[in-house]
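Asks: The structure under discussion is supplied below as structure tokens; questions concerning it will follow.
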Amino acid sequence: MGFRDNWAQATPYLCFCVFTFACGDLIFGIDTSSFGSLQALPSWLNTFGTLQDGKLVLTTYQKAICNSVVFIGRLVGTTTFEPVVERIGFKKLILIIACLQIIAIIVELTARKWQVFTIGRVLAYMAVGYIENTVPTYSSEVAPPALRGFCSGLLTPVITLSSVWGAGMCQAYAKETRKIGWMVPVGVQMIPATMILFLVPFTVESPRWLLARGHREQAIKNLKRLRPKKDVQAGLCEAEIEALENAIEYDKSINTGRWVDLFRGTYLRRTVFCGLLFWFYQTTGNSFYNAYGPSFFVSVGLGTKSFTYATIVQLVGAIGSFIAIMITDITGRRPLIITGAALLILWNCLIAGLGSSSVRTTTSNNMVVASFILMLFSTKISWATHCFLVGSELGGTRMRRKIIMVGTSVDVFSSWLVSFTTPYIMNKPYGGIGGKIGYVFGGMAAISLVFAILFVPELKGRGLEEVDELFERRHWGWEYSSIKTSGYGAAIAQLENGKEVNAKDIALGLHKDDYADGKGEIEHVEGGGRR
């Protein structure tokens, strides 16, 4: 399917639902990016700082606590996502997230001690932990396969743009010494939470979640609101629900969907893949920029321009994210991941070699700045966007939410690990290697390139229920796009893409083994139609 065919599956209401849930991504981006700038504001230090040598500062101990314990909240959010969403659904969970964020901001705004402010940030990070699971998973479940790359991948560019918003709010109050200087940047974080509270009641619950809970009629009703009118009039929504029901019943009959299944059979491989997707997201350059980029801009004398360059880096990253989600359903996931991983090796090593040199020239400094910009661009078109996208696809019929939960938990751990260890490796009297740490990230990027080439599966255009069949046998990453699927998964993929499927095939409920015997008629191959 081409670009025009893909977007023919979009409806205004589908876009409304996806973009409303994406308001959660605004919370994610603003909250996680603003504190780095917030803790340097004179107004914030006047309230929470400690007097040292006649100046109010945040001590090393305070920095360590403020920047590390918040990950506890985020980990709670990621690890409890699956059981919570299974019980209450996506709509109620996103509303709880908004309320949690508002409570967190109130705690921060009323705090008079840095410890209380940190408690507020822990609550906010719990909301972030839920968001990074809820938003891409919901989007993947309501979107047709042809648009899943855009809908699920939307999380990354929205986070990146909201990071610019958060940092920009702090920059606007960089010279303000009164409390308003930090209270405004903190208070604006209520805006996306308020938008969620007002808009989410007008969205629909995931039809797949409803069907798994036995609410068939409501699932059909919701699906009809999401799909194009021509599909509704052709009866494809009822057929899709019937195929989904059969897929769920078959999966229950073979007793999958339990926690122990994450670590055995075909799910073990998928769990490992999902964890590695998020591991490479944090260890191939994204966290390197966060740790070293802004300080480098200051160290080479950019002064007041350092914020401008930092903003440019984030904006270019946002452009990379938008490019990725717009073309990933056309080019596929693998080409973008492989290209980005290869480029990350180059940019990390350039930064390490030129940035750590004892002799710095204007030309070399400009090259390093350009490398940082291109590094973030490469990260966004590859791991940053596709870890959430592919991670939300890998679980198949009943394990999607569990597997993405594992991936985001790895994300939290690896983010904390890189943030905690990087200063010790870079700075004296510990490692003291400075910018040469780029070689470490460059080496990790090289490993990620090997993983991408050999193992990352191509899931462009596949239905979520097809994934179980794709992983029943071991394949190299490049082989997935040519694998033919049959049975429920193939039928659902065709129906989601607006293709008619013989009702007899759905009613028979044939699994691929039946098709191997020549009893069925539906086959689906990536990029193709019904055969």
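We number each residue from 1, going along the chain as drawn.
Heads up, the Cβ atoms here are built off N, Cα and C, so glycines get one too.
Bear in mind that TrEMBL entries carry predicted annotations, made automatically and left uncurated.
Not measured: the values here are computed from a predicted model.
The feature transmembrane segment is assigned by TrEMBL to 12-30, 93-111, 154-174, 180-204, 309-328, 335-355, 367-391, 403-425, 437-456. Under the heading domain 'Major facilitator superfamily (MFS) profile', TrEMBL lists 17-460.
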Asks: Apart from its near flanks, which chain residues at least 6 from the ends of the transmembrane segment (367-391) lie with a Cβ under 8 angstroms of it?
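Replies: Distant Cβ neighbours of the transmembrane segment (367-391) are 132, 136, 140, 148-149, 152-153, 155-157, 160, 274, 277-278, 280-281, 284-286, 288-289, 293, 296-297, 300, 309, 312-314, 316-321, 323-325, 328, 333, 336-341, 343-344, 347-348, 350-351, 354-355, 403-404, 407-408, 411, 448, 452, 456-457, 459.
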Asks: I need to check the long-range neighbours of the transmembrane segment (335-355): which residues 6 or more away from its ends have a CB within less than 8 Å of a CB in the stretch?
Replies: 280, 284-285, 288, 292, 296, 324, 327-328, 364-365, 367-368, 371-372, 374-375, 378-383, 385-386, 434-439, 441-442, 445-446, 448-449, 452-453, 456
Asks: Tell me whether the transmembrane segment (93-111) sits in contact with the transmembrane segment (437-456), defined here as at least 3 Cβ pairs under 8 Å among residues 6 or more apart in sequence.
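Replies: Since fewer than 3 Cβ pairs under 8 Å link them, the transmembrane segment (93-111) and the transmembrane segment (437-456) do not come into contact.
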Asks: Give the one range among 12-30, 180-204, 437-456 whose Cβ atoms make the most pairs under 8 Å with those of the transmembrane segment (154-174).
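Replies: The stretch I would name here is 12-30.
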Asks: So what's the average pLDDT for the domain 'Major facilitator superfamily (MFS) profile' (17-460)?
Replies: 89
